[in-house]
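Below: one structure in structure tokens.
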Amino acid sequence: MSRLFTNWHKYFLSCLFICMLGSVFVMPSFGQTTVKINPKVQRFIGNVSELERNKYFNLHSSGNDADVRQFFSDYNVFPSRGFWGPYSYSKSKGNPVGTYPSSKSGNDNVRNVTRFVGTEHPKSVFLDGVDPEKAGDWAVEYYKNYVDESGRPEFFEPMNEPFVHAVDFYDGQWIDSEEDRIKRQMAQVFASVGKKIHAEPTLAKMKVIGYSAAWPSMELKDFRHWDENMKLFMDIAGADMDAFATHLYDGVNVTGQNNLRSGSNSEAILDLIETYSFIKWGIVKPHAITEYGGITKGFEDHFTDLESIQAIRSINHMLFNLLDRENVMDISIPFITDKSQWHMNAGNNYQPYGAALFIPTNIGEANVEGWRFSPRIHFYELWKNIEGRRIKVETDNPDVQVHGFVKGNTLFIAFNNLDNKTQTVQLNFEETAGELVKLTTKSLKIYDDIDPVMSINEATSAPASLELIAGETVVLEYEFEAEIKQTSASKETKYYSTTYLQPIKGNTTLSFGFSNVTINKGTATLLMGIGRKHDRSKQPTIKVNGTAVNVPDNWKGQDQAHRDDFFGVIEIPVDLSLLKEENTVEVTFPDDGGHVSSLILEVKNDDATVDKDEAIHIESPKTEVIQSQEVKVKLSYNANVSRDIVAEFWSSEGWIAETRATVQAGEGEKELMISLPNLPELGGDYIIKSSIRPVGSNWQENIARHQINNISVVEALSTTSTLKIIVLDTENQPLQNALVALTNENQNFNTSQLTNENGVASFDVTPNADYNYIVTKENFNESTGTVTANQSEVEKTVALSENITIIPLVANAGEDQTVDAGELVALDASASSPEGITFQWTTISSIQLQNSTSANPTFTAPEVDEETTFVFEVNISKEDQTDADQVNITVVPRKDNEIPTAIGTDQNSVKIYPNPVHNVLNIDVAFNAVLFMYDVLGNKILEQNLLKGKNNLNLSYEKRGVYIIYIHSDQEHQSFKLIKE
């Protein structure tokens, strides 16, 4: 990664750094890159935490042969895109473009869809002067009455990459006015198709997307490319689009320079689209990345595994970006195709398509003898198992991307190196996930000139660090003994300004506003998209509500030197304390040229609320159904986002019928009616199955399931039904002597009884009637509800939670104190309440506390040069509650204290020379130790392990000035003033 200079990561302390020579602080240590991992904290992107695999792990195919179906099943992958639709169908029937088959009659039922993208080549859809209204009407007719569910896509993309083909529809080459005229007509076709499909109630489940931008170099010609393409499309058709389709590719040329979108460039493209969407409609419409990957050049003319694998590096790079946008991502499709047999012909000596996943075992022959996987299978091998909820992960290096997920007792952490240099990554677990059983490490190393190395290894211990070569992706799968429970959350929200694409003038301030910002505890980042010439500054002065913030000189991915302009996003940390509900951000560059394309404020707030596990349960029927062609099923569910719930009816021989409904996030109950094709035979061995899954998906994507076996089909209900209310506690143990009251106002039915030792209260009731129940028990919370007696015997399980009075914890760290250096100091948290709490004292200074887990720890006040305040924090906890308080201890220096400014100590256990130093500093130590070096402002300059004996430190690259050297070991701690000349 090219950078202006090394960016040392700074830690800011909550107590004052004393800048006088000889002052001492212990700073946290970290490696070249540190990744913080907390599996107990659930990460939300917007309102999304659960990974929906069908948004990311797709094959660019709608194929359905046996090999492809088996691949989908084995690798947990989904079909996602195919080239066919209403216009290709019309053309196949001999109709010229713009004329269409006649209408058919059909019913008014809402049509189901299959989750994939249907798209078409522009020449099948468009010609100069085509009537967009008729084109829209035909799309509605085709999807309503000409195809079934398997041919009706959830996403319709009327044309693939149309604007790059505008030149095909007028005389001449690249005439600006003609380009504009044709593009506007194309956008009007998209608008008409979207408007017509959205107006047709039977196609309510379809979405229209566009325009599949092939070449989104928004910054070209000082953002004229943006104005003449994506902005033009959004202005004309955007209101009728459900999502905006974009294609992202790295252009890789092994004989020349790379043209990479991976990293900051792709971020800037998507941020610009999101910002303009927010400005126009007040919402961010989703993305549909219908192709992404890498385009290779400079390899051999025939297919090679080496060329095939190159795109996977780009796909992994971009995937990490797209995973950060799941709340605004409808679908993303890596450009990996199935067998692509259309490509193999005599003209190319029967060579496979470069993007294909399946390759003939006898390449170069007309008749395929068999198929093998190309190296692109490694992408799916890497990501095959990953699922679950996100966890909080943080990297201090934008070139090291990381994502984490938890599912049951398994923790998944994925790493990716955007840099062209090897990165050492320190793994810092902030909370443990439990006892490790097994660690599976998957690694994919891709090289320019030799075959890739895909490795899968198992171990029973976990490493403290990783080494990632350039472009490497690693997935760690930790298996623990017990399920990982998340206890808190980190919720990310992006705030968009209504100001965008601002021209940059030197020393002229650009102002951006951010409104209705919610601030708790956490972190914040400004995402600054800029497009400028390479010799222009990328580090403006930025003020947040009047306070300046530091602008890093590093960003995701390469320096883009191969491009005419830099166009990328630079991430700028912002202290949360600077923010308020209404905010103004001022940006001032020192020089002219280019634009600030977008500025987005991302806030990550800590939160105590975590998602419950998504679940589905069949409430009724439990044992039997009446013989009918309709089966009523009542389901209870918990959904974290909008989901489909499905009820299915099976015989012992297989599936008979199903129905589904879409429910919103939350807990609830819903009755579904399954329509059967025939009257079921009387008898047993029927099955009712239920599932909860992503909207529009199939059984392969089920999140949770529940089924009841041995359902009987009976002729009629008896004259009475038995209704059993089963009362349990929250640990599913029966509660005896709970009072169950049952009422039915229509029947004047009102009775009650106590539960038996099995927690059961049994009532004789009238069939097909609804009964209200109230369950009460001393020291438990009341439960109410309704149950339907729709069988001869109905069971309803009710869970009661204990009514526990929670006494809040109050931490009290005691009174502030002023003490003399060298004095023994006692801290006192004994006033904390209630009883039975545990204590943990911490400080970010170098002071060593004795008995830090007691209410009254002690320490010896350190030697100081002037009055210095140290901050100590006590954290108290009991069960799931915590609280904290701080106390200030001010240390007054001894009158005869003198700070060492020369080398060594009286015992000569440490020697540092020469001082002053020009280049190499020698350090002799009598023990193993760690050296920390700070400037006089408290910024850590470096950290170095020292071995017993003589050590050398090259300081030739450091600036002239005064520094503080701090030597830390188990034996002693020493500090020195160092002068660098």
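Note: Cβ is positioned from N, Cα and C throughout, glycine not excepted.
From TrEMBL, for reference:
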DOMAIN    399-502  domain 'Porphyranase beta-sandwich'
DOMAIN    512-603  domain 'Beta-porphyranase A C-terminal'
DOMAIN    912-979  domain 'Secretion system C-terminal sorting'
Averaging the per-residue pLDDT over the domain 'Porphyranase beta-sandwich' (399-502), what integer do you get?
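Mean model confidence (pLDDT) across the domain 'Porphyranase beta-sandwich' (399-502) is 96.
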Give me the DSSP three-state residue breakdown of the domain 'Porphyranase beta-sandwich' (399-502), ordered helix, strand, coil.
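Grouping H, G, I as helix and E, B as strand yields 0 helix, 62 strand, 42 coil.
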Helix, strand, coil: count each for the residues of the domain 'Secretion system C-terminal sorting' (912-979), based on DSSP.
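The breakdown for the domain 'Secretion system C-terminal sorting' (912-979) reads 0 helix, 44 strand, 24 coil.
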Write out how many residues of the domain 'Beta-porphyranase A C-terminal' (512-603) are helix, how many strand and how many coil, based on DSSP.
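Across the domain 'Beta-porphyranase A C-terminal' (512-603), the residues distribute as 3 helix, 47 strand, 42 coil.
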